[in-house]
Structures are given as structure tokens and as C-alpha cells.
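Visitor: Okay, here's the structure, questions in a sec.
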Ligand code: NIG
Ligand code: FE
């Protein structure tokens, strides 16, 4: 815990708190604000000049900058080796994306040392932190053996508490044509060994990956081992992923690109967050999910990067916010909420994605007067300050 002096952020031009009790609307905005944090948590939020000001406070004048909660990237796959730039170039020349490329990353990942995997995760998480991400979920899934999934989770757990066993990502080559046998191995051996190192269990429910029954079995076994379910669903085409996620009370169903009226109704009536990953559509040059339709139906939407070497090799939440606004018809307010509070809901966290007394002091400032500039000025590095647990990064 931070035993140092408390920090007062003063001269905030526009503050996003995500607390409707503090300011009007979901973003809970405060103009001409100040924010006090210490001991790792937010201590006070309000209009500048009204703050309690003790003698052990370090004051930082933000000179009119916008301040908001750090981004919560609730979906990444950073434990891998190699890259697939050639596959990307071929796609941009007209080749369609198929999940088959996952196998080349599995081969490279299995051949890598733990130190190499750790170096890649460190590099990607440092990138993410610089662009304002203060909480990140990390999946395994490029091992698909008990030993390789276990070490992937161990590497991830050294960097974040939000670790996910993506046990059923793709059938590995040694189980070619025997997906049911692979699922049996996941249930009998992989989940018991790996569950103590993960918080979440994830599956790729998609034609060509795992079918509904296989996914249900894996998720149910994971839940029995103490993990909480999340699902990759409806990414490459229509399918049962969304319905399965809602039926199982999953924290989140991710991608949600190909949905029908029944899928949207199920999400609107359930507790599962729809996590949209526009970096994937950007990098596969495929149509984006219709966030407007989801939000207008009352669905809770998160935005995340999906950082992985196949479909979305970016750690930039600001890029995803810009894509969400321009390509998925979200407003800047909605996109910023989804990248902070929405991500927190997708991770079932109430201590992050919000700036109110008692919440984690995960805070970012922008070289801009409002959060809308994240979408309005795409591609510009606007994140000027990052505090994680109250500590300047
Ligand atoms: O979320 N959909 C499955 N998994 C990743 C892609 C993995 C890859 O192509 O390496 C995704 O898009
Ligand atoms: Fe993914």
C-alpha cells in the first residue's frame, strides 16, 4: 500500500467519475474539479477549492486537462510468441481471416521459453499502461496442452489478477479430427491443474472451433472448479455463443458481431455484458458489430482491445474508443464509459472504472480538455499521466 503523501490533482478541466451520484448522467462529470487520493484509493472528489487540504498533500496542477478512470481492458491474449504480420499482409491483399492461423501461434508459443513469454507480456502491458490501461485481463490459449496452458497462466498471473484459462481456443494438431477427445482432456486434466491459477474460464464458441455442447461442458467443468465463465461468441458468423453465455450467467460474451433479435433480447434481459472488440474487425477488415442496436436495446456494452497476434495486435484502448465511435455508432460518452466502467462490469469489479471515495486510485489525465478528444483526435497519444493504485507510472 502507498504509505507516501496523498496526492491532490488540482485544476482538472473536466473529470469523468462514472458515478451518477456525483454528476449528471452515467459519466458523472464534474467541471473545474479536483481529486484527492492516498493509500491507494480515492479519498475525495469534487469542485476545486472545496477539497480537504492537509499538510501532507502533494498538489499537481493539471492545467485544465481532462481526467478519467484508467481504462479497463477486459479482453486480451498477450501470452504468445512470434507474430503474424505476413498473415495480416495477405489479408489486406484479399485473403479472408480463418481461425486456422491460431495454430501457427500455438507452435511458436510451445517452442518459446518462459522468459520469452514473460518478456512479451511485459512489453505489451507496458505499452498498454502508457496508453492509459490500468487493469488488464490476460488469457492463456496459445498452449492447448496442460503444461503450456499452466505456464501461460503463471506468466500472466505475475502481471495481473485477471487471468483466464482459454482452454478451448482451437483443437491443437495432435488432436486433429478428434475435438471431442481434446475436450475430454481439457475436462479431465487441464482444468483441474490450471484452475488454481485462473479467475476465469473462456471458450471459443464458433463454427470451426468448438460447438455449443463442447463449450457448455468446458464451462460447466470450469465453474465446478471455481472459475467464472466468459465466452468468445458470434465473432465470425451467427451462432449459439451469445445464448450459451447468457444461459450460463457468464460475466461477458465477447465479439458479438453477428447477432439476431433473439440474441439481443437475451442479452438485454440477462446479466452478461457484451464486450465489443473493434480492433478485430479493423484488422480482419470485416463489418463491425452494431453497438448502437445493442445499447438502444438496453444491453450493457464494454469495449476492449482483444490484443492478440492474429486478429487485433493492438494494446491501445484509445484506438478502440475511436473505432467504437466512428465505426460502431457509439457516442464519445458511451465509448469512454464502455472502456472504463463497462470493462469493470465485464470483470465483475466494483473498485475500478469509477472515481469515488474508496475506489482504487487508477486515474489518467489527457493532454486535452475533454474525454471526447480520445475519439476526436484518433491516433494521437493524448494520455499524459497514469496513476495505478495512486502511484504515478
Ligand atoms: O479473439 N477468436 C478467437 N481468438 C482470437 C484470435 C486468435 C488468433 O487469431 O490468434 C480473437 O479474435
Ligand atoms: Fe479474443
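Keep in mind that glycine also has a Cβ here, set from the backbone N, Cα and C atoms.
Sharing the feature lines straight out of TrEMBL:
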- 75, 77, 232, 306: Zn(2+) binding site (BINDING)
- 75, 77, 232, 306: Fe(3+) binding site (BINDING)
- 84, 142, 169, 235, 311: 4-imidazolone-5-propanoate binding site (BINDING)
- 142, 308, 310: N-formimidoyl-L-glutamate binding site (BINDING)
- 67-390: domain 'Amidohydrolase-related' (DOMAIN)
Visitor: Please tell me which one of the binding-site residues listed here (77, 84, 142, 235) sits closest to residue 308 (N-formimidoyl-L-glutamate binding site), measuring Cα to Cα?
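Guide: Of all the candidates listed, 77 is nearest in space.
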Visitor: Please determine which of the binding-site residues listed here (75, 77, 84, 169, 232) has the lowest count of neighbouring CB atoms within 10 Å.
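Guide: Comparing Cβ neighbours within 10 Å for the binding-site residues 75, 77, 84, 169, 232, 84 has the fewest.
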Visitor: Nearest to residue 232 (Zn(2+) binding site) in three-dimensional space, by Cα, is which of the binding-site residues 84, 142, 169, 311?
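Guide: Comparing Cα positions, the closest of these binding-site residues turns out to be 169.
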Visitor: How many whole Å apart are the CA atoms of residue 169 (4-imidazolone-5-propanoate binding site) and residue 310 (N-formimidoyl-L-glutamate binding site)?
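Guide: So the Cα of residue 310 (N-formimidoyl-L-glutamate binding site) lies 13 Å away from that of residue 169 (4-imidazolone-5-propanoate binding site).
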Visitor: At the level of the C-alpha atoms, what whole-angstrom distance separates residue 142 (4-imidazolone-5-propanoate binding site) and residue 306 (Zn(2+) binding site)?
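Guide: Given the Cα positions, residue 142 (4-imidazolone-5-propanoate binding site) is 14 Å from residue 306 (Zn(2+) binding site).
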Visitor: Rounded to a whole number, how many Å is the Cα of residue 77 (Zn(2+) binding site) away from the Cα of residue 235 (4-imidazolone-5-propanoate binding site)?
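Guide: Here the two Cα atoms are 16 Å apart.
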Visitor: Taking the binding-site residues 84, 142, 235, 306, which residues show a Cβ-atom distance to ligand 2 below 6 Å?
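Guide: So the answer is 306.
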Visitor: Among the binding-site residues 75, 142, 232, 235, 310, 311, name every one whose Cβ is found under 6 angstroms from ligand 1, counting any of its atoms.
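Guide: Checking each Cβ against ligand 1, the ones under 6 Å are 232, 235, 310, 311.
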Visitor: For residue 306 (Zn(2+) binding site), what residues in its own chain, 6 or more apart in sequence, show a Cβ-Cβ distance under 8 Å?
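Guide: Listed in sequence order: 75, 76, 77, 254, 255, 277, 279, 280, 312.
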Visitor: Once the DSSP letters are reduced so that anything not helix or strand counts as coil, what is residue 308 (N-formimidoyl-L-glutamate binding site)?
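Guide: Reduced to three states, the DSSP call for residue 308 (N-formimidoyl-L-glutamate binding site) is strand.
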Visitor: What does the structure give for the C-alpha distance between residue 310 (N-formimidoyl-L-glutamate binding site) and residue 235 (4-imidazolone-5-propanoate binding site)? Integer Å is fine.
Guide: 14
Visitor: Over all pairs within 142, 308, 310, the annotated N-formimidoyl-L-glutamate binders, what is the largest Cα to Cα distance, rounded to whole Å?
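Guide: Value for the max Cα separation, rounded to a whole number: 11 Å.
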Visitor: Reduced to three states, what secondary structure does DSSP give residue 235 (4-imidazolone-5-propanoate binding site)?
Guide: coil
Visitor: To see if you understand the setup: which same-chain residues, six or more apart in sequence, place their Cβ under 8 Å from that of residue 311 (4-imidazolone-5-propanoate binding site)?
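Guide: Listed in sequence order: 97, 279, 280, 283, 284.
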